[in-house]
Amino acid sequence: MSSVRIECVGQERCRLGESPLWDEKEGALLYVDITGRRVCRWSPGTGQAQAVPVDAPVSSVALRKSGDYVITLGTRFAALKWKEELVTTITQVDKDKANTRFNDGKVDPAGRYFAGTMAEEIRPAVLERHQGSLYTLFPDLSVVKHFDQVDISNGLDWSLDHRTFFYIDSLSYSVDAFDYDLQTGKIGNRRSIYKLEKEESIPDGMCIDIEGKLWVACYDGGRVIRLDPETGKRLQTVKLPVDKTTSCCFGGKDYSEMYVTSASDGMDKEWLSRQPQAGGIFKITGLGVKGVPPYPFAG
């Protein structure tokens, strides 16, 4: 597809960029720098990113119906007031584990915040296995644990009819689907819908488009891939100028732009000199498909 255009936006480089999310009200892209411990907001109008520093690894950010944001911070779900730079803990998980942190998270169509944990990494993608779990923060601020034995809890989204939940545990090299009950938030009947090819490397963050196809960022694979969850076939590959692509979302005025986060952690000087844009945020235009606006947390 010759019309696809990729540009690196914003001047800031992340150590471990993740969880991009379009904030329609602000007309800006939200994202986090996990190991840099910052929640960031980039405005296409100014080309500048603002950042709120936090006191622990911050792994995902979500809109909140009542205003401002919710984040996953260390092993806490927390509220973030942007202007005041104020973080307040909502609740904590994994209290029985000293060495885990949240990773990716996203809000479902009913306003529940799904997020999973993983062990702290020794180096990128190297960690004690089976330490993570998948949780949901409900609008009444109660938490449910769905399952444990997770390696790296990662990309998640819901089908357009809200009957399927898609999920990635990165070291399984698989994109999985569950039956989804929107009324209760319960998941079941897990199955694999796509196994990554060797050159695609590790599946990371994920989003869905208005045709119901999934886009998966491939960590160490330097690409995002478009998958058909019905057939299990890969439909498209978009290669980026950096290896460590971490997550993706649609944004812009009509959700026709894709934004991709990336990382620079774990790269030596020589690698970084070959990929000076590592840790940058990339905007992809000309994909010919739009995305779905994010759902706000209802609590």
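The backbone N, Cα and C atoms fix where each Cβ goes, glycine too.
Unlike curated records, TrEMBL annotations are generated automatically.
Per TrEMBL, the features are as follows:
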- 16-264: domain 'SMP-30/Gluconolactonase/LRE-like region' (DOMAIN)
- E18, N154, D204: divalent metal cation binding site (BINDING)
- R101, N103, E121: substrate binding site (BINDING)
- D204: active site, proton donor/acceptor (ACT_SITE)
Nearest to E18 (divalent metal cation binding site) by C-alpha distance, among the binding-site residues R101, N103, E121, is N103
Between the binding-site residues R101, N103, E121, which lies closest to D204 (divalent metal cation binding site), Cα to Cα? N103
Rank the binding-site residues E18, E121 by the number of other Cβ atoms within 10 Å of each Cβ, and give the residue at the low end. E121
For N103 (substrate binding site): intrachain residues, at least 6 apart, with Cβ closer than 8 Å: E18, S59, S60, T72, A115, G116, T117, M118, G132, I152, S153, N154
For the domain 'SMP-30/Gluconolactonase/LRE-like region' (16-264), the mean pLDDT of the predicted model: 97
Here the binding-site residues are R101, N154, D204; which one has the lowest number of other Cβ atoms no more than 10 Å from its Cβ? R101
Beyond the site residues R101, N103, E121: chain residues whose C-beta lies within 8 Å of the centroid, for substrate: I34, P57, S59, T100, F102, T117, M118, A119, E120, L127, I152
